[in-house]
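First comes the structure, then the notes that go with it.
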Ligand SMILES: Cc1cc2nc3c(=O)[nH]c(=O)nc-3n(C[C@H](O)[C@H](O)[C@H](O)COP(=O)(O)O)c2cc1C
């Protein structure tokens, strides 16, 4: 159990926000295999204040998809507040997270995402605005640095977040410049944990049960975010829980079982996604390849999946494996 502001949450292993990936279909499958707390995909504050648009699909709710948190991307305190109010008129998340982690150039240009790690006063103003105006806990997702790791800087950013009212900090232990590759700076996460008293969640390379344990052991963090480790591998949540309890390394999931879960995941996308069929099949093919990653005949599998033009064709091709 972990407390984030006023919210008691039953687990400290969360599904991380994954834009373009962790949609409702993804989350329902993750929950069936052990995820007890998830994030919606991030919503863009500017877009939200201009009408539902893409955020309509992002903020789809389902009775089985709870408890859940939302995340907002933006760099203007007033627009962030207006967007948050619109969002809270549609959904009831346990808390609302501010994205100060996205490394994409187009996001940095809008003075949002990881840009805020380098502009702690602006980040503090956003947190202050939201915490003083909204009835739910506000959290922040940080990178460990902007261009380079600077432990003194990230500690002072984290302290500022806490002073401004943040109820928890999620920290991806890579700089903006590292994007998603390279070493995770566990030391930065450990130092942040030591220097604030709100809950700290570690993120970065939680790709196996051993790496999940490493994040806890090396940083003393209160919880972890599972991100790429859950893509094509939704059972990782159950595996991590079991491993942390017993130390037992999980058995690899055999191909028939993987195909069964994949088929179910594809059926959820088919039922839930409202986007154009051409977009839907693209997403389905990407998801299928993630489930089938690491098999010895990967080139043949790619050749089998790529020409599938419809849900039915793709399922038939996967079942033929
Ligand atoms: C496809 C993809 C989309 C992501 N979208 C978001 C996002 O919207 N918000 C966010 O805070 N982090 C996002 N992230 C970052 C992850 O949540 C996580 O912090 C990062 O991938 C590090 O964890 P990992 O190395 O275990 O994947 C995304 C990562 C990926 C790979």
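Every residue gets a Cβ built from N, Cα and C, even glycine.
Whatever TrEMBL says is automated annotation, not expert-curated.
Here TrEMBL flags 15-311 as domain 'DUS-like FMN-binding'. Across the domain 'DUS-like FMN-binding' (15-311), the model assigns an average pLDDT of 96.
Reduced to three states, the DSSP call for residue 141 (FMN binding site) is strand. Shown in sequence order, 17, 71, 97, 98, 99, 100, 101, 169, 170, 171, 172, 203 are the residues of the chain, 6+ apart in sequence, with a C-beta less than 8 angstroms from the C-beta of residue 141 (FMN binding site). Residues annotated as FMN binding site in TrEMBL: 71, 141, 172, 227, 228.
The active site, proton donor feature in TrEMBL is assigned to 102. Mapped onto three states, the DSSP output places residue 102 (active site, proton donor) in coil. Of all Cβ atoms in the shown protein chains, 22 besides its own fall within 10 Å of the Cβ of residue 102 (active site, proton donor).
A separation of roughly 14 Å, to the nearest angstrom, links the Cα atoms of residue 227 (FMN binding site) and residue 102 (active site, proton donor). Counting in whole angstrom, residue 102 (active site, proton donor) lies 15 from residue 228 (FMN binding site) by their C-alpha atoms. Sequence-distant neighbours of residue 228 (FMN binding site) (same chain, 6+ residues apart, CB-CB distance under 8 A): 18, 180, 207. For the binding-site residues 172, 227, the ranking by surrounding Cβ atoms (within 10 Å, all protein chains) places 172 first. Cβ contacts within 10 Å of residue 71 (FMN binding site), excluding its own Cβ and spanning all protein chains shown: 26.
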